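I am attaching a structure below and will ask some questions about it afterwards.
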């Protein structure tokens, strides 16, 4: 079984020392979904929401969240991200929005948490902007789709 890297020999939480690790190109992709009523989704698609462009706001929120992940997740390292991409796709056939994020850097630690945080905060932003018209929207699942680079190797979800 793989050891938990954020727990020291005494069983205490600590930030992992990455100073001896090699810098490599690292990338991670994540996704999140927001399920809603067809009328709520139509309002987003048509751009008729009274608060403005829901997708543009969620995209910016996701990008900002990726950049601030280290402030939200206690043991994450502050990272110099070279790329943050947030794509939003209305899926009327499922009455939902799909969010896919991609984060990249050249560094000593991975960007999985940044990609997951970007997807999560973009989903929360959609909820926040639309809660006045629908409070029972469902967020989820949120998951890591892929990661590459680093000592632990590559990972990709089987779709």
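Every residue, even glycine, has its Cβ placed from backbone N, Cα and C.
Checked Swiss-Prot, it gives:
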type	residues	note
BINDING	75, 76, 77, 113, 114	substrate binding site
ACT_SITE	128	active site
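Could you tell me the structural context for the features on the list?
Long-range Cβ proximity for residue 77 (substrate binding site), meaning a same-chain Cβ under 8 A and a gap of 6 or more residues, is found for 15, 16, 18, 70, 109.
A simple way to gauge crowding: the CB of residue 128 (active site) has 15 other CB atoms within 10 angstroms, across all the protein chains here.
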Might you list, by sequence position, any residue in that chain lying six or more from residue 114 (substrate binding site) with a Cβ less than 8 Å away from its Cβ?
28, 66, 67, 69, 79, 81, 84, 103
With a 10 Å radius around each C-beta, find which of these binding-site residues (75, 76, 113) has the fewest other C-beta atoms nearby.
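Fewest other Cβ atoms within 10 Å, among the binding-site residues 75, 76, 113, is found for 75.
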